[in-house]
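J.: One structure follows; several queries about it will come next.
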Amino acid sequence: LQGIFVLGLPYALLHSGYSGLLLIVLAAALCCYTGNILIACLYEENEDGQLIRVRDTYEDIANACCKKLCPSLGGIVVNVTQVVELIMTCILYLVVSGNLLSHSFPYAPLTEKTWSVIAFVTLLPCIFIRTLKIVSKLSQLCSLVHFVIIFVVITYCLTQMHQWSWAKFRLSLEFEDFLVSVGVIIFSYTSQIFLPTLEGNMKNPGEFRCMLNWTHFFACILKTTFALTAFLTWGEKTKEVITDNLPSFLETLVNLCLLTKALLSYPLPFFAATEIVYSCISKGNHSNYQSSLLGLTVRGSFLLLTLLMAMFTPHFALLMGLSGSVTGAAMTFLLPSLFHLKLRWKKMSFLEKCADISVFILGFLCSLAGIVCSIKGLLEVFG
């Protein structure tokens, strides 16, 4: 999920200057914090003071918070939010795949939508994915491809070190451009949707906090290095997707790697979305045959839905920005801090309460700003 946004980090630095470097570090710390407090909401202390995992999913946490008002309301809101964000992400991968194929083979008499259909055909086996083990292996391959892309770009940038200049950084900022940078940087770290499932499937769940802290630390180092070296190389000529700045021979190679990454990234949000829907509609169904058939139907329907929306939704990028500003901010900042305050209020220190409230306010402001920018863009497009 993070690869698409990572390629836009140098462009974010173009519009945020020195503050962008601080934002990359701050976003890593905030997303790591909300990830940890979200997992803390899965646990309660027993009579002996030991932490026991009493909840399994984001939905369970939401239902626990809303049980006095409406036992299932929180779960419904969370599930709808998760599914919307995950499906929009899947569609984005299809759109990106079509775009990358059309740029990699410009002389082929095919449109981007046709290329998206070709990419879709390669994803048909996703219908038969039923366990997280298969998804994890594909995600591991995706990570390897991601490192290849980062390595190629950074290596090329290091060969251009002789032309680097810190004078390329901007001191003055335009507020609207800065907000775009904030969105790109923050959402390059989001992963909260997957964390409860990930922690539940770990051999040693007690190591989750350590794992999350170190992965965000190294991600921060890698992203800062990548964004900084790329921006210092191209400066004001930095493009929205940094691979467009590469020489043609490297651009084709990296685009094909990006295509591979996009296709390997698709199964994770797809699997997560279909599992949420399947678990909601199959409650009380104990027939293996019916469950298997239902699962195939859900996965097949979602696969087809992502293709149709990728093919026929106009101005998808702007709609993605609008939905991302709502769902992304909610799942990453608003809900984790709100749920943590609700479930752990009596056992939290004053500083912890202040931290959660601050994160909630910051998330709300980021979401509001993103919504305003996206709506403004849609109004301009539709005249």
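Keep in mind that glycine also has a Cβ here, set from the backbone N, Cα and C atoms.
Sharing the features that TrEMBL gives for it:
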DOMAIN    2-375  domain 'Amino acid transporter transmembrane'
TRANSMEM  20-43  transmembrane segment
TRANSMEM  76-95  transmembrane segment
TRANSMEM  115-132  transmembrane segment
TRANSMEM  144-166  transmembrane segment
TRANSMEM  178-198  transmembrane segment
TRANSMEM  210-233  transmembrane segment
TRANSMEM  253-281  transmembrane segment
TRANSMEM  293-312  transmembrane segment
TRANSMEM  318-339  transmembrane segment
TRANSMEM  359-379  transmembrane segment
J.: Can you tell me which recorded stretch out of 115-132, 178-198, 253-281, 359-379 has the most Cβ pairs within less than 8 Å of the transmembrane segment (76-95)?
T.: 253-281
J.: Take a look at 20-43, 115-132, 178-198 and tell me which one has the most Cβ pairs under 8 Å to the transmembrane segment (210-233).
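T.: Looking only at 20-43, 115-132, 178-198, the most contacts with the transmembrane segment (210-233) come from 20-43.
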J.: The transmembrane segment (253-281): which same-chain residues, six or more beyond its ends, come within Cβ distance under 8 Å?
T.: 1, 3-4, 7, 59, 79, 82-83, 86-87, 89-90, 93-94, 96-97, 100-101, 103-104, 119, 122-123, 126, 129, 132, 134-135, 138-139, 141-142, 145-146, 148-149, 152-153, 193-194, 197, 243, 246, 294-295, 298-299, 302-303, 306
J.: State the non-local partners of the transmembrane segment (144-166) in its own chain: residues 6+ outside its ends, Cβ under 8 Å from one of its Cβ atoms.
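T.: The answer is 3, 6, 222, 225-226, 229-230, 232-233, 235, 242-243, 246-247, 250, 253-254, 257-258, 260-261, 264.
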